[in-house]
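Novice: Below you will find the structure I want to go over with you.
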Amino acid sequence: MAGDPNILSDFILPANQSAVDGSFFTFTDMRVLIGAPEPTNFKVLKASLAEFPALNGQSVSTAVLQFPADAVNPPHTHPRSAELLFLIFGSLQVGFVDTTNKLYTQTLQEGDMFVFPKGLVHFQYNVDSKHSALAVSAFGSANAGTVSVPNSVFTTGIDDDILAKSFKTDVATIQAIKAGLAPKP
């Protein structure tokens with residue numbers, strides 16, 4: 001099933017619980033954002049089914065995206081949901097590619113919203129070299145999933161020869177790209 005199932009009750013309890021109170025429906029992990037220093041790299045703080053079990057069956061989740069100056073959220077997809085991004089402060093260049101390979105881009109300002117259709121490759125980039133940006137994304141799934149294009153292509157073990165032929169380059173270039181994506185010790 002590619003989306004969240006419809007449920008026949010108001011909410012779904014975890015298997016190990018028979019009763020809950022209001023704290024079950026409260027997510028406090030976003031409190032770390034209040035008064036925190038700005039991150040030095042792009043950072044996502046999620047409230048999805050994995051982090052917030054009360055979302056099970058509710059077909060919603062959210063994420064806070066923190067963009068330091070000149071930071072990018074690399075091309076990626078959410079296979080089970082569209083994404084509605086709301087820019088709180090800063091500016092972002094955003095875009096997605098449709099199934100005909102047409103690129104749609106926009107530069108967002110504070111207060112703007114942008115929708116990334118379900119399953120399409122998209123990105124966000126803070127082009128400002130001096131100021132950070134902050135956005136909140138909403139998803140129509142408790143588990144939207146994220147497939148990073150660079151990681152899925154270059155870190156999953158696809159043969160270097162296949163990648164070199166696919167990108168019309170040589171193996172040395174592919175290996176250089178993979179070295180740049182490797183975790184730093």
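Glycine too: its Cβ is placed from the backbone N, Cα and C atoms.
Model, not experiment: these values are computed from the prediction.
Take a look at what TrEMBL says about it:
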BINDING   Asn73, His78, Glu83  oxalate binding site
BINDING   His76, His78, Glu83, His122  Mn(2+) binding site
DOMAIN    32-175  domain 'Cupin type-1'
Novice: Taking only the Cα atoms, work out how far Asn73 (oxalate binding site) lies from His122 (Mn(2+) binding site), in Å, as a whole number.
Specialist: 9
Novice: Quick check for the class: what is the C-alpha distance, in angstrom and rounded, between Glu83 (oxalate binding site) and His122 (Mn(2+) binding site)?
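Specialist: If we compare the Cα positions of Glu83 (oxalate binding site) and His122 (Mn(2+) binding site), the gap is 10 Å.
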Novice: Counting other CB atoms within 10 A of each CB, which of the binding-site residues His76, His78, His122 comes out lowest?
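Specialist: Lowest Cβ count within 10 Å among the binding-site residues (His76, His78, His122) is His76.
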Novice: Provide, as an integer number of angstrom, the distance between the C-alpha atoms of His78 (oxalate binding site) and His122 (Mn(2+) binding site).
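Specialist: With distance taken Cα to Cα, His122 (Mn(2+) binding site) is 9 Å from His78 (oxalate binding site).
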Novice: With DSSP as the yardstick, break the domain 'Cupin type-1' (32-175) down into helix, strand and coil residue counts.
Specialist: 23 helix, 54 strand, 67 coil
Novice: Provide the number of Cβ atoms within 10 Å of the Cβ of Glu83 (oxalate binding site), excluding the reference atom itself.
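Specialist: Other Cβ atoms within 10 Å of Glu83 (oxalate binding site): 24.
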Novice: Quick check: which same-chain residues outside His76, His78, Glu83, His122 lie with their CB within 8 A of the centre of the Mn(2+) site CB atoms?
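Specialist: Here the nearby residues are Thr77, Phe96, Phe116, Leu120, Val121, Ala144, Thr146.
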Novice: Cβ within 8 angstroms of the Cβ centroid of Asn73, His78, Glu83: which residues besides those meet this for the oxalate site?
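Specialist: Surrounding the site, in chain order, are Ala63, His76, Thr77, Leu85, Phe116, His122, Gln124, Ser137, Phe139, Ala144, Thr146.
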